[in-house]
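Peer 1: Annotations per TrEMBL:
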- 334-348: compositional bias 'Polar residues' (COMPBIAS)
- 16-154: domain 'EamA' (DOMAIN)
- 186-325: domain 'EamA' (DOMAIN)
- 331-353: region 'Disordered' (REGION)
- 12-30: transmembrane segment (TRANSMEM)
- 42-63: transmembrane segment (TRANSMEM)
- 75-94: transmembrane segment (TRANSMEM)
- 100-124: transmembrane segment (TRANSMEM)
- 144-165: transmembrane segment (TRANSMEM)
- 185-204: transmembrane segment (TRANSMEM)
- 216-237: transmembrane segment (TRANSMEM)
- 253-270: transmembrane segment (TRANSMEM)
- 282-302: transmembrane segment (TRANSMEM)
- 308-327: transmembrane segment (TRANSMEM)
Amino acid sequence: MKAVSELFIRSKPFIAVIFLQFGLAGMDILTKMALNEGMSNYVFVVYRHAVATLAIAPFAIILDKKIRPKMTLKIFTKLVLLSILEPVIDQNLYSIGLKYTTATFAAAMCNILPAITFIMAWIFRLEKVKLTSIRSQAKIIGTIATVAGAMIMTLVQGPVIELFWTKGNSSHESQSGGLNLSHAIKGSLMITIGCFSWAAFMILQAITLRTYPAELSLTAWICLLGTAEGAIVAMVMERGKAAVWAIKWDTKFLAAVYSGIFCSGLAYYIQGVIMKDRGPVFVTAFNPLSMVIVAILSSFILREQMNLGRVLGAVVIVLGLYIVLWGKSKDQKSPSTDEQAIPTQETTHGNKIDKENLGQTIIHISPSRGTTVTKDERI
């Protein structure tokens, strides 16, 4: 029984991220349906985060009461920046890209996120790269592969892959794989820029949790500020169009509620909890699963057809992604320079050299948990 309990504890991060990917896949389908029905992407983002705020705030107020740190100007500035990066910039650009493309295409393009995160970490010196190291070479090759895969998906079409449940779709849009080259380029640019914003959000969220380790409260603040900032953007972009704010009991309402509760509320919280132990790269490693789920569901629900270029591009992206992750896993297994032993002290007595056994105290610091473990070792 104890072994089963330990196995469950070790499996919780994997179960959580897989659950997260299924939920995100559902969001892609519902969001595409709502956008196809004419819903404004700017208004959708506002409603989504308003629902998330209402769903998460009561739990944050009650459950985080004892662990919520005091709000400071520095922390609040980070919260504002977080709410701009993901709820405003990423979500709006992703929704626009989804309008121009298909749910499957958008989900596949998001697989470049880990590579973008790696590049940003390298630029800001958060990621060490040594060209002579096989780990660094793997990360560089994997990053290039993910970018190449995204370009293949965008520029290469090829023949349509007929699935038995999509046969009979004879429209021009279906036969072209659901989008033309012009829309594919526009959509991919929007989604790629959104992924840059998303990567910055993930890194900043992990940093913010070190000084504000209340995941529910952090999520509530991001959603609340994102609602206010998104409303300003929506009023500017949709000025003079009061009708776009109207919502009924239809797919648009379902998409806003589902995305708000699951993808802006639970998703931000689950990401924060997992990142404290496993880091942001672990969270993004399961993105290809969402792509597979979306591809299957969209072919049933939205009657989308896939072409050969899109499939090949997705395969290249996935391969590149896991090459990057392999390099990252090797980084985590490499010994830290902080734990290298201090050289033994030598004392000379005439012609005889004695090596003294010195007691060495090593302090291991875990940034993710904020704890220190002290261990005495004899050298």
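Glycine residues also receive a Cβ, built from the backbone N, Cα and C atoms like all the rest.
Worth saying up front: this structure is predicted, and the values here are computed from it rather than measured.
Could you place the listed features in the three-dimensional structure?
Peer 2: The average pLDDT the prediction assigns to the domain 'EamA' (16-154) is 86.
Outside the transmembrane segment (12-30) by six or more residues, the chain places 98, 103, 106-107, 251, 254-255, 258-259, 262-263, 266-267, 270-271, 273-274, 277-278, 282-283, 285-287, 289-290, 293-294, 297-298, 301-302 with a CB less than 8 A from a CB of the stretch.
Within the same chain, residues 31, 34-35, 87-88, 91-92, 95, 214, 216-217, 219-220, 223-224, 226-227, 230-231, 233-234, 237-238, 244-245, 247, 252, 255-257, 259-261, 263-265, 268-269 sit at least 6 positions outside the transmembrane segment (42-63) and bring their C-beta atoms closer than 8 Å to a C-beta of that stretch.
The list of residues near the transmembrane segment (75-94) in space but at least 6 beyond its ends in sequence, with Cβ under 8 angstroms from a Cβ of it, reads 41-42, 45, 48-49, 69, 106, 110, 190-191, 193-195, 197-198, 200-201, 204-205, 207-208, 211-212, 218, 221-227, 229-230, 233, 264, 268.
Residues of the same chain lying 6 or more positions beyond the ends of the transmembrane segment (185-204) and with a Cβ under 8 Å from any Cβ of it are 78, 81-82, 85-86, 89-94, 96-101, 105-106, 109-110, 112-113, 116-117, 120-121, 126, 150, 153-155, 179, 271, 275, 280, 283-284.
Packing against the transmembrane segment (216-237) from elsewhere in the chain are residues 40, 42-43, 45-46, 49-50, 52-53, 56-57, 59-61, 63-64, 68, 79-80, 82-84, 86-88, 91-92, 205, 208-209, 260, 264-265, 268-269, 272: each is 6 or more residues past its ends and has a CB under 8 Å from a CB in it.
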Peer 1: List, by number or range, the same-chain residues at least 6 past the transmembrane segment (282-302) whose CB is under 8 A from its CB atoms?
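Peer 2: Distal contacts: 13, 17-18, 20-22, 24-26, 28-29, 32-33, 102-104, 106-108, 110-111, 113-114, 117, 163, 165-166, 202, 271, 274-275, 314, 317-318, 321-322, 325.
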Peer 1: Is the transmembrane segment (253-270) close to the transmembrane segment (100-124), in the sense of at least 3 CB pairs under 8 angstroms with a sequence gap of 6 or more?
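Peer 2: Judged by the Cβ rule, the two regions do not touch, with the required three close pairs absent.
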Peer 1: Within the same chain, where does the transmembrane segment (144-165) have neighbours whose Cβ lies under 8 angstroms from its own Cβ atoms, ignoring anything closer than 6 residues to its ends? I mean 6 or more beyond.
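Peer 2: That would be 105, 108-109, 111-112, 114-115, 174-177, 181, 184-185, 188, 192, 299-300, 305-321, 323-324.
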Peer 1: Hey, which bits of the same chain come close to the transmembrane segment (308-327), Cβ under 8 Å, at least six residues off its ends?
Peer 2: 104-105, 108, 111-112, 114-115, 118, 135-139, 141-161, 177, 281, 285, 287-288, 291
